[in-house]
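Student: Okay, handing you the structure first.
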């Protein structure tokens, strides 16, 4: 019953179609179609034609109406009603197509073929045509075998993917509500059933289940109820289902496009938001509601219309289904709960209410319960959330400020947050589904893509979302038109088929350009993006700009009245659409509150934080607010580069999708909406007609009918249909094309039904299906014949078996009858009893011998069985190995094919890379030198940093020492106040110097700001250049399209050069691919350039800061040189410690040597291990750890040495403290220390900054190193893959070497074709040069176009000025009223004239429309007539075929009759032979009967005689017994003869019956042949007449074609003249370009010279600075020596004073003690001696002081000289600095000049300069990469060499294994040979046994013959006995005596003979 119900909605009712009454009515009434307002078209009968009008009678009401002839359309015969393929209609027009679709729709047939695609009308009800049984019905069937269905389309796509190995796509297109989503689901259902790896119906695979469950999840979250559709997809999706080589599903991937996220916050009237919101609120349990804080429907603001229900759907049940689908998809419960929390959070966001405060515009949140719920659900802090919305932190300059938000801003922020949250959740869900669907490890070979995207939408007012959706549908419709109409016809021309290009007028490119064109003039999306950049831009300004730029576009319209709400209109292919541009700028930028975004990123809920992980890519509201304040594009820059608008992202996504679809074979399904009321069984004809016109259905049918939609490659055609032409192709090699020509000749196809191209055979619609049917019939015939042979063979076998059984039965019967006769005979019984006794002894011996033989035989049998089992096991092993080898071979072949492809790609890549390498090798050396120079500078900087660190450490120690001394010096500060005043003066001087330095720093900062402004201006220029590049690319594309059109026209004319055009198209495709690659590379290059610029600026900043630090450090060094005197004394201790340090270093080097040795050992071990990478990495890590440990030890030792140094310094300080003479100087030093401490604090601050910058540089360096390592890893992986590929290549090479032998025979045939190819290549080269010239010309045209555009702008400006002048003149004209009146009269006259002209124009337009209609009608009629003509030709060709087939049949029948005659003659001859045999057998039988009668008579005589003998004598018993035996034998012979006679009689009867049958059949066949011959003769005469008519018609057509060709030749000549003019233009443009390039090269050379001069000045400056530093160091050392000398002089002066004091004291004592006595004389002498001694000492000290003074003077002189030198060096440095500044100024001036030059050149040559700059940057970047990669490559080469050694070792091992296997195989073969020999010996023994058996049989036969001879003797004796009595006695006695003398052996022998006789 279910099947019958389904058939009703699938198959057409044949009784309705074949109604003869309807056919007669149609023919009688001349029915036609007439336009109708109600039903589109209605039937009417044509009554009368009057001029251009016709009178028709409407069928419905019988009214007569006058109609224009052009409006009448022909009606098809009733047999074409509800036709499955509308391409079969005889009259193809809108009315017929609409009627066919309507009839089928009302009958429940929703699917109809329309040529190559399928049309589906939404039934708005469930139909029983999608069950598993229906799927099985369509599985593997051809399209024409089953009625139209979505399953049929899917199955053809699947089968063509499997056969052609080409990716497929199924595009379901149509308006919203047409049924695209449902058909997509059915496609997935069919594929999941057909391509499932689990073949049982009950057990479906997990992947297939998940694939089927992906749609319900996506529908729940992405679909919604709209006015047109209850389950409208509010996003687009492209489902890619991947299949493996066997056709099983291995995975899937879903890509989504443009989710309508605004539906989450507001909906139109009677519409719903996304289904999941209603599912959750209806289906959630109480526990879940409390957890998710759910409320009733009317409590949510975001549910605009409350609870809107969908008829026939329960939201509660759908919730359970969605949750079950997520469970099947493998989404865990935690993630499910996370999704539901986010949904509830989105709803709660709508409930947050803001109010405006009284006095200010600031927003406030009076009730924060909703905010608390939101923060609870999303895991964030409430206060932070409310603060982030009401008073977010906004960046102003470099600071962050909290800005209060207005109510409108807060509401916008909440809505934006809700939309973004839902969109991110949806994107996460799609990624999660893709992860689940793509988890299989099997490799996907090809895929089927299913596109389900939002249909065309036309509302009252349409927004940005509708523009994107309609733009997508325009692109898809353009793809359909391109594939159906343009690519189809281009393929005809490529293949060299005679074809006139038909322009169907369905090009949608103008509308697409209006939306997407980037420049010249820019499209709507480009203008929207541009407006987003401008400050104070509004939606109104955007609309004004659109009207200004695109106001004159044919597809663009302004609103006609001011009352219209729409801002502008676009004429799409589906109709005119009004757009309202409210909030388009915001929608395009899609801004967010970045405070809330960061808060959500830091959420405690893992799911929410995962959704908001890419916070750094969003556009903040502060950036959008900045639009009104700043004009800089930098305001829109995020952390990772410039932001991308929604329009840009969607455009890129769409371009990617279109590229994917173009690379597949598309299968179109056109979905049609029958009505807007969503009612079943209702069809609005006007709505359907509009959709048919838009979708290009009629044009698709027309090209399908006129063109050749079916095409087959030569080889495939030969392989598939050679069975239909078995003997047409000769044996041996033949070209595919020649073979196809011969096959088509043999098939006798009409020449109009096919065309033979260069590589394919093209057929009209239906021809291939007919061939397929014939092929199926042929195959069935072959299989029937094969079955008949098999059945005959089996029957013969069974018959032979039955015959054997019959003969066996007869033998058994005979033996049984003989046994029954002998059973009751007494002698037999005695014989049976005696015989075993006699044979016992003999049997025992025989048994012994037999047992021995049996034992031997059994042993042999066991041995043979063992051998057999061994052989079987060996065979099974060999079979298994064979299977394994076959599998490996198959895998290897597949791998080989893949490797071939890979090899081709790699070779192409290799060639490209080699070219790039050759280009870059010249610059590598320069870059290496530059790198070395930079490394040297880096080393210098590191050395400077180390020196600074050491000085800082010394400062630290000095500071500690001074702090200790500070306590002792505080008491003496009062004495040093005068010195303090001096120091204050010095401080003032230092302050002045500090101010000077600060001024210099300010100058540097201003320079830095200027540089930043320059960088910004450069960024602006870069953006402009990028925009210009995009414009030029768009123009290039447009020019390419124009060039393609020119080439198409040229292809029409140049029919002979089709092959060359094919190759040009291929080259263009390659160029397009290269351009795409170039664009990608340029994008990467620009990104890299941006990074390089940033790094360069950072580097310059760092260098500037380092220079400042160096200058400050040099100043500090001058102050610190005074402390170095104390350090010189500690140098000895330091040397000792240095020796210890060197010892430690030697120890460290020893340890390093040991580690190196360990590493070598490890590397040797690693060679033996298979996985080299892991072990190497582990060893590297351990090695690094050891190095770090050694470094730590080294640093510890250094620290210990530093501590010891510090201790020595402290000792030295304590010793110096003892010197009291230095107290005055210490005070001075204390003051200096204060200054130094301040300076040191500043230096430490700067040092920290420098260290931070250094760390940043190191981080960048580490990042670069990481990138390099990643690249190295990739290179290693590629190297491994290359090695694998090389291994596979070697295998493939070995195979190819085998194949070369086969190809050698073909090479001779290929030489001729190669010569032709060379000629074609030459022509191609010439064409390619022409093509290049055309491209150059195109570029020049572009430049001219730009100049013209500039001129146009200038003219527009002039026009504006003129308009202003006109307005002024109008004001003046207002004074003259009289003039106005005359002007008004003139105006009225002009208006009247204009009205008259308008009327005339309208009349002309109407006439033109009429002419167009007549033209279209006539064209359609012409097409119909052509179709009829084709049909008639086909019928004629079919009749000719039938005639030829009839002739063939007749010939076959004649041959069959001849065969039958021969068979009859043979049968008659056999019958005669059998008759003669029968007669001879009858004679033989008569003779046998006679013999039998004689034998019976003799038998009777013998019986009587026996009785007599028995009665008379007992002695003769034995002889009587023998006679009875002979009698029985004779009786048996007689019976055998009888049976033979009966058999012969049966055979004779059978032959007679067969003879009669043959005669009857022959007579019947003769009569049938005569009748058929008469009928065929009549048909052939009629066909000949028809053919003559057709030939005449064809001749007329041929003449028309000749005329057209002559016209085409004239047009071709004109085009060639135009081409020459264009070439002249190209030459001039090339000259201009060369001049520009020369100027550019000159500028570049000047730039290089400037750069070199700058480098020289820098080097000289650095040398001067180094000399100045050295001089300063010398001066400081001299100053230190001078101070030391001054200290020594002071000490000497003190000693001198002490000595003088002592002398004075002694003199006083002498004077006082002069009056004492002689006792004091001795004391006096002693004292005088002491004085003399002291005087000597004083003289010595004076000499010393003089020497010291001399030295001091010398030191002062040296200091003065050093100061003069220093001043000279400073003046030199100043001069150099001035020179540098002057050079920088010159450089700036040159840069300005260069920019001016570039500005002048850019107007003409922008594209070339940008390309060159991009190439330079790209090459520099590539050079850096190459240097890095070269270093990595060296390492990889070493690794690869090691691997190669390992591989060689493995190869040697495998060779040994192979040799072992060969030895084993040889042993097995020898063993097999031995077994064979043993078998042969056994067979010989069997033959010997058979020979012995035969010998025994011969002996037995001899014995029987002797027995017969004895019987004969007995019979002769009997005869003699009968003759007389006397002689009878003697023999009787003799016989008695003989009987007495007879031995037992003779008796036994006689008995044996009798037994043998009986056995016979």
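A Cβ is built for glycine as well, from the same backbone N, Cα and C atoms used for every other residue.
Taken from Swiss-Prot, the feature coiled coil covers 837-1926. If you look up Swiss-Prot, you'll see 1122-1137, 1948-1960 marked as compositional bias 'Basic and acidic residues'. Annotated domain 'Myosin N-terminal SH3-like' per Swiss-Prot: 27-77, in sequence order, evidence recorded as sequence analysis. Taken from Swiss-Prot, the feature domain 'IQ' applies to 779-808. Residues annotated as N-acetylalanine in Swiss-Prot, with similarity to another entry given as evidence: 2. The feature N6-acetyllysine is assigned by Swiss-Prot to 8, 435, 860, 1234, 1357, 1392, 1802, 1845 (among others). Summarising the annotation, Swiss-Prot assigns phosphotyrosine to 11 (among others) and lists similarity to another entry as the type of evidence. According to Swiss-Prot, the omega-N-methylarginine annotation covers 1923, on the basis of similarity to another entry. Among the features that Swiss-Prot reports, phosphoserine is placed at 1943 (among others), with the record citing similarity to another entry. Taken from Swiss-Prot, the feature region 'Mediates interaction with LIMCH1' covers 2-838. Annotated region 'Actin-binding' per Swiss-Prot: 654-676, in sequence order, evidence recorded as similarity to another entry. The region 'Disordered' annotation in Swiss-Prot covers 1117-1137, 1877-1918, 1934-1960.
Relative to the rest of the structure, where do these features sit?
Tutor: Here the domain 'IQ' (779-808) has Cβ contacts under 8 Å with residues 723 of the same chain, all six or more residues outside its ends.
According to DSSP, residue 8 (N6-acetyllysine) is assigned to a helical segment.
Its Cβ taken as reference, residue 11 (phosphotyrosine) is surrounded by 13 other Cβ atoms within 10 Å in the chains shown.
A simple way to gauge crowding: the CB of residue 435 (N6-acetyllysine) has 13 other CB atoms within 10 angstroms, across all the protein chains here.
Neighbour list (residue 860 (N6-acetyllysine), Cβ cut-off 8 Å, at least 6 residues apart, same chain): 1882. In three-state terms derived from DSSP, residue 860 (N6-acetyllysine) belongs to a helical segment.
According to DSSP, residue 1357 (N6-acetyllysine) sits within a helical segment. Neighbour density for residue 1357 (N6-acetyllysine): within 10 A of its CB lie 10 other CB atoms from the protein chains shown.
For residue 1392 (N6-acetyllysine), the number of other Cβ atoms no farther than 10 Å from its own Cβ, over all displayed protein chains, is 10.
Reduced to three states, the DSSP call for residue 1845 (N6-acetyllysine) is helix.
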Student: Once near-sequence residues are set aside, which residues in the chain of residue 8 (N6-acetyllysine), 6 or more away, have Cβ atoms under 8 Å from its Cβ?
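Tutor: Listed in sequence order, they are 108.
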Student: Count the other Cβ atoms sitting within 10 Å of the Cβ of residue 1845 (N6-acetyllysine), across every protein chain shown.
Tutor: 11
Student: Can you check how the pLDDT averages out over the region 'Actin-binding' (654-676)?
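Tutor: That region's mean pLDDT is 90.
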Student: Have a look at the modified residues 11, 435, 1845 and say which one has the shortest Cα distance to residue 1357 (N6-acetyllysine).
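Tutor: Nearest by Cα distance to residue 1357 (N6-acetyllysine): 435.
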Student: Of the modified residues 11, 435, 1845, which sits closest to residue 1392 (N6-acetyllysine) by Cα distance?
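Tutor: Closest recorded candidate to residue 1392 (N6-acetyllysine) by Cα: 11.
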Student: At the Cα level, what's the spacing in Å between residue 435 (N6-acetyllysine) and residue 11 (phosphotyrosine), rounded?
Tutor: 42
Student: Taking only the Cα atoms, work out how far residue 11 (phosphotyrosine) lies from residue 1845 (N6-acetyllysine), in Å, as a whole number.
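Tutor: Taking the Cα atoms only, residue 11 (phosphotyrosine) lies 71 Å from residue 1845 (N6-acetyllysine).
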Student: Where does residue 435 (N6-acetyllysine) sit in the DSSP three-state scheme?
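Tutor: SS state of residue 435 (N6-acetyllysine) = helix.
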Student: By the DSSP assignment reduced to helix, strand and coil, which category contains residue 1392 (N6-acetyllysine)?
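Tutor: Reduced to three states, the DSSP call for residue 1392 (N6-acetyllysine) is helix.
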Student: By DSSP, what is the split of the domain 'Myosin N-terminal SH3-like' (27-77) into helix, strand and coil residues?
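Tutor: Helix (H, G, I), strand (E, B), coil: 6 helix, 30 strand, 15 coil.
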Student: Do you know the DSSP helix, strand and coil residue counts for the region 'Disordered' (1877-1918)?
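Tutor: Summed by class, the stretch gives 42 helix, 0 strand, 0 coil.
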Student: As a quick check of your reading of DSSP, tell me how many residues in the region 'Actin-binding' (654-676) are helical, how many are strand and how many are coil.
Tutor: 9 helix, 8 strand, 6 coil
Student: List the helix, strand and coil residue totals of the domain 'IQ' (779-808) as derived from DSSP.
Tutor: 30 helix, 0 strand, 0 coil
